[in-house]
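Note sheet for the following structure.
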Amino acid sequence: MDKKWSLEQRWLHLLNQQFLDCLNHLFNHYRRLSTFQKPPSIIRHMFSVLALAIQILANVNVVAQTTEAVDLAPPPKVRQIRIPGDILIGGVFPVHSKSLNGDEPCGEIAETRGVHRVEAMLYALDQINSQNDFLRGYKLGALILDSCSNPAYALNQSLDFVRDMIGSSEASDYVCLDGSDPNLKKQSQKKNVAAVVGGSYSSVSVQLANLLRLFRIAQVSPASTNADLSDKNRFEYFARTVPSDDYQAMAMVEIAVKFKWSYVSLVYSADEYGELGADAFKKEARKKGICIALEERIQNKKESFTESINNLVQKLQPEKNVGATVVVLFVGTEYIPDILRYTAERMKLTSGAKKRIIWLASESWDRNNDKYTAGDNRLAAQGAIVLMLASQKVPSFEEYFMSLHPGTEAFERNKWLRELWQVKYKCEFDTPPGSTASRCEDIKQSTEGFNADDKVQFVIDAVYAIAHGLQSMKQAICPDDAIENHWISRYSKQPEICHAMQNIDGSDFYQNYLLKVNFTGKTISIFSSFRLSPFSDIVGKRFRFSPQGDGPASYTILTYKPKSMDKKRRMTDDESSPSDYVEIGHWSENNLTIYEKNLWWDPDHTPVSVCSLPCKIGFRKQLIKDEQCCWACSKCEDYEYLINETHCVGCEQGWWPTKDRKGCFDLSLSQLKYMRWRSMYSLVPTILAVFGIIATLFVIVVYVIYNETPVVKASGRELSYILLISMIMCYCMTFVLLSKPSAIVCAIKRTGIGFAFSCLYSAMFVKTNRIFRIFSTRSAQRPRFISPISQVVMTAMLAGVQLIGSLIWLSVVPPGWRHHYPTRDQVVLTCNVPDHHFLYSLAYDGFLIVLCTTYAVKTRKVPENFNETKFIGFSMYTTCVVWLSWIFFFFGTGSDFQIQTSSLCISISMSANVALACIFSPKLWIILFEKHKNVRKQEGESMLNKSSRSLGNCSSRLCANSIDEPNQYTALLTDSTRRRSSRKTSQPTSTSSAHDTFL
């Protein structure tokens, strides 16, 4: 027997898919044929029988794949409940859980997911049937089946929905002359199923939809969220009052993004719900940059179930699954308690232990299931974040359910209530007298601790949608039909309904009526081309089907936060709130709202679930093996910004990264650098220049006061004033150099410095050149161009060369400013010529310095009274040292414009200071402190003799004009002395050209 059954299994596995494809092809051909004429009834019967046979084969195939049993176990005692009515609505609910024992198809009775949903459907039918004007006298009945949470068993049970259709007499053997079907009275009492509410599990709904689509029966699920069920090419008669898992996956991903959980583990069950939900989550996670650290599949077979959970918990250990503290759950309801139990045991969780795992669970998490939080399970479940389809409680239903009591009609019509009572209250029905067993008839329900199933509202919405679709269809195709007005209904126990409503075309009903149901506020409206039919919604919730037949996408986000383990909640929560689940947010149509005050963690201490911590500002991610969520941090260069998390790019010249390193800003707008007056680099040169100007002005004042004294005259007043003015010009250049660069400032800088130096050193050169010519001449004639006017003209001509050259330079390169970039992070406002061009301007001044130094060296041996050249020489030597030092200092600190500018200012001032001190300080000393040397002497014989000896080397031609042209030196002598000296010697004392050699 075993061997034979195995062969059949293999044969059916090979042929089942071909049969289903063939059947679909035949039915499509039948639909096209029926458009023109009705085929004989025998053909339609053959199609129906073939469809039934193929579904049985499919059922056997599914059973063979999901169980190892050879024979199907006997079904439970109560297979279905039937409520009479004019139009039947089917129902498929998981009244029993799935058995993990392969020998039995059904497990324990499920109160919330099973019995509550069955009663919700019956309650909705009662509400609709109680309104006499709704279907104008038609009553809705029900045929409700138990799926036992098993797809194969549910498919087998669902054949009852199509048996009535196969055995009905609507396929008449008679055809009217015009080719239409005859309108015959039905002889059979069997009723066709107009639509089916169910199933709950997606795997059950898929199998059910595959069967019902062959017979064009509409299906409305109140709980199945499988994304594939939205595919109208495969499930053209399927609708649901809940959203697709695609939306749930989007909500879960947005929660992870909200809390910055970029590295999570994913656990899913080996069924359509788990696998499709996991695929949807992975798809959305990739879009948001969330990585899957661990992906584990939970096997649903008994022998491999425990092993897969053990492996899962082992892999979730913190030392093995580093970083991923968040675990996303897409598993069946029945698997979660075992996962929690094994987690608590293997990880040795205690009430005071730090939470290691945060569950992010789909709506399959049953908050009303006590097994989830029994014993140590609550330690593992604490802090879990659970998505629940946004639903509202139905107080009238809860009141109705609490009124159910053995012996009442409402109780006895649902045979599964007896089983629930026996299991829940440990009692027995119909106990014999004297029995010690508790009597179920005496037990009444208590409202304490009662929580209706979360999907009661969706079951009621599904029944309402079907009912109002039927109402709209009846108004369209049987507008004048009313049972209470039909004469047969007055005398017949089987009232006759509209013929078009007896055999409903599922395709027409689904497309034109069911999908157009729209719940608005407290009313339900069916929009069609005929009428608007209002009806009160039992929960006042807006509802409508999407074009794919899905319900509104809205989720409530809960967290498991038991009072017994949460001191804060015990202090703040109302004692009347018994639930251990706290609402922490809501998600609807891509809109996530989180109530942070209800979270079990502080908003500033959100749990971390990442592979790598975020890089600091200025660091880029260096991905590890192309893993999007795992990286090492690498520092960017100071001048680089991040175009994304993994690439640094340098800013353009003159730009610098912002503080957040997300872009660059223009340095010239906020950090433009130029000499500031408050800077130490400006204060020192300014002070030096001010003191130099004051000292120079003091010398000028002294010279003006003592302008007619011998010392002032002997120093050469004209050139002395030129020298002093040139020094003031040098000092003033400091203020020009320290000013903010502009066209005018740059023009003065390019001309003023060179011109000031040219005036200074031209005058010195004229002085030393004249002395050299005087003492080096061998002729008796007086040297040319040694008069004061000649000296001034020569000085002006020499300085004019520099001025003309500077003006030509300005015309060739107009003055202006520019941005200079000494380093990547600096922008300096400077003049629009390079530094080496500035040296070209000073080259001429350097040439004058060299000439002055040369003549100073040549005239170093002149007589003592003509030793002013010694001071000029000392001034030139010092100036050369200053300028050589400045050149190396200036170009050696090319990256610091402040040092360059400050050193240039100091060098210019020092050049003027050296000239001022060396040339004028000896004269000032005599004028101010040795005044006896600055007067005319009446008796100057001794001086005359001394002078005569000093002038022994003068040529006779040079001294010939001494009587006619008195000079500064002879001004110190009296007229008589001068005459005596003139008579006594054949040579003149001196010429006017030697006036500045006195000192």
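Every residue gets a Cβ built from N, Cα and C, even glycine.
Per Swiss-Prot, the L-glutamate site holds Ser202, Ala223, Ser224, Thr225, Glu363, Lys455; the candidate it also names there, chosen from Tyr153, Tyr263, Tyr268, Tyr273, is Tyr273. According to Swiss-Prot, the listed position annotated as N-linked glycosylation site out of Asn518, Asn591, Asn867, Asn953 is Asn518.
Asn518 (N-linked glycosylation site) and Ser224 (L-glutamate binding site) are 20 Å apart (CA-CA, integer value). Annotated pair Asn518 (N-linked glycosylation site) and Glu363 (L-glutamate binding site), C-alpha to C-alpha distance, rounded: 25 Å. In summary, the transmembrane segment (682-704) lies against the transmembrane segment (904-929): three or more C-beta pairs, each 6 or more positions apart in sequence, are under 8 Å. In this chain, the transmembrane segment (792-812) does not touch the transmembrane segment (904-929); fewer than three CB pairs sit within less than 8 A of each other, excluding pairs fewer than 6 residues apart. Within 10 Å of the Cβ of Lys455 (L-glutamate binding site) there are 24 other Cβ atoms, across all protein chains.
Neighbour density for Glu363 (L-glutamate binding site): within 10 A of its CB lie 24 other CB atoms from the protein chains shown.
Taking the mean position of the Cβ atoms of Ser202, Ala223, Ser224, Thr225, Tyr273, Glu363, Lys455 as the L-glutamate site, the remaining residues of that chain whose Cβ falls within 8 Å of it are Ser200, Tyr201, Ser205, Ser221, Asn226, Val242, Asp245, Ser364. Through the fold, the transmembrane segment (792-812) approaches residues 718-719, 722, 747, 750-751, 754-755, 757-759, 762-763, 765-766, 785, 841, 844-845, 848 of its own chain, all at least 6 residues removed from its boundaries and within a Cβ separation under 8 Å. Cβ environment of Thr225 (L-glutamate binding site): Ser202, Arg240, Val242, Pro243, Ser244, Asp245, Gln248, Tyr273, Gly277, Glu363 lie under 8 Å away, each six or more residues apart in the same chain. Counting only same-chain residues six or more apart in sequence, the Cβ atoms lying under 8 angstroms from the Cβ of Ala223 (L-glutamate binding site) belong to Arg117, Gly199, Ser200, Tyr201, Arg240, Val242, Lys455, Phe458.
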